[in-house]
Amino acid sequence: MNKGLFITFEGVEGSGKSLQANKLKEFLEKKGYTVVLTREPGGTSSGIRIREILLDRKSELSPWCELFLYLADRANNLEYVIKPNLEQGNIVISDRYFDSTIAYQGAGRRIPFETIMELRKLPAFSLLPDITILLDLPVEVGLSRLKSLDRLEGEAMEFHKRVREMYLKIADMERERFLVIDGTLPVEKIHDKIRERIEEMLKIREET
């Protein structure tokens with residue numbers, strides 16, 4: 001493979017995206033690809049500390065403070081993990097990326113959509129995924145799967161519903177980039193749908 005492939009997973013809490021990201025990594029590694037799995041927040045050593053602040057239920061963070069902490073984490077993750085690996089021709093899978101910011105800080109925290117989209121244009125954040133896999137399911141179903149709740153997971157139901165609605169809005173706006181899958185399907189069926197699409201993309205890339 002001559003060029004790297006950037007794959008992101010998105011979804012509301014309890015959607016199963018982390019499980020599917022790991023399953024895809026294992027599948028691709030068995031096929032002989034070099035795969036790097038990262039996450040947001042927490043993809044770097046400094047990001048791990050940022051993650052602790054963001055998800056700690058005792059943290060007092062304004063919506064804007066929360067936004068800029070996520071952006072700081074992403075800037076480092078892009079600089080030290082995502083971009084270097086893509087330049088080496090590796091496959092990078094990220095458990096959450098900028099679409100989470102649009103959904104959670106935009107719709108969830110009600111920071112203006114236009115403001116966040118302008119931030120996405122900055123050179124530090126302008127890299128778009130080759131494909132974004134959105135696992136969609138009712139928020140009630142997702143939250144019922146969780147054993148314990150962090151600061152964001154513990155938000156009101158209406159917060160999570162706004163997040164889901166925004167995810168679907170972004171997916172509709174950028175259809176070529178998104179693969180939307182019913183997150184209530186069996187785990188293996190979801191994996192099969194993801195695997196089929198990624199194999200198609202890799203085949204096309206290797207033929208060009």
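For all residues, glycine too, the Cβ spot is worked out from N, Cα and C.
Unlike curated records, TrEMBL annotations are generated automatically.
Here TrEMBL flags 9-194 as domain 'Thymidylate kinase-like'.
The ATP binding site feature in TrEMBL is assigned to G11, V12, E13, G14, S15, G16, K17, S18. In this structure, V12 (ATP binding site) belongs to neither helix nor strand by DSSP; it is coil. With a 10 A radius on its CB, V12 (ATP binding site) counts 24 other CB atoms from all the protein chains.
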I'd like to know which of these binding-site residues, G11, G14, is least surrounded, judged by other CB atoms within 10 A.
G14
Quick check: which same-chain residues outside G11, V12, E13, G14, S15, G16, K17, S18 lie with their CB within 8 A of the centre of the ATP site CB atoms?
L135, L137, G142, G183
